[in-house]
Amino acid sequence: MGIVFAPLLHANWAHLMANTIPLLVLGFLMTLAGLSRFVWATVIVWILGGFGTWLIGNVGSTCGPTDHIGASGLIFGWLTFLLVFGLFVRKVWDIVIGLVVLFFYGGVLLGALPRLGMCGGVSWQGHLCGALAGVVAAYLLSVPERKARALKKAGNRQLRPKT
């Protein structure tokens, strides 16, 4: 149940508000890749990122248990999806979106790393697993373009005259 509901739960209003603007901005940008891809990427990041967070949640922690709640895992997943999707599909528009996202939100990626000596407040595990799930989602959802590119490349090889 935690994996399903964790992105919907927030510690307080400030936590909810901190996630709202990135959710709206990145969510809108995600729809530019297509509504179907937006939905599937969200499902992949939500489930895979949640499972990863559950798996590594408090491993090696000297701080005691951490609450892994909030939509930031989804935010990190969408962020990395947008960063790498253009590279997988090799479309200029998607690459430009990735660069714009990197410019405005790139610094946020540091939140996917553990902060040594600091306890509480942020689930870097949720951020990291969400980010990794976003890359996986981008790879899986770019299959049609990658297949078409491979077929075109194979077709071009067959059309070349032999010398």
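Cβ coordinates come from backbone N, Cα and C, glycine included.
Pulled from TrEMBL:
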type: DOMAIN; residues: 3-142; note: domain 'Peptidase S54 rhomboid'
type: TRANSMEM; residues: 12-31; note: transmembrane segment
type: TRANSMEM; residues: 38-57; note: transmembrane segment
type: TRANSMEM; residues: 69-89; note: transmembrane segment
type: TRANSMEM; residues: 96-116; note: transmembrane segment
type: TRANSMEM; residues: 122-143; note: transmembrane segment
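Outside the transmembrane segment (96-116) by six or more residues, the chain places 22, 26, 29, 32, 72, 75-76, 79-80, 82-87, 122, 124, 127-128, 130-131 with a CB less than 8 A from a CB of the stretch. Counting residue by residue with DSSP, the domain 'Peptidase S54 rhomboid' (3-142) contains 104 helix, 0 strand, 36 coil.
Confidence over the domain 'Peptidase S54 rhomboid' (3-142), given as mean pLDDT on the 0 to 100 scale, stands at 90.
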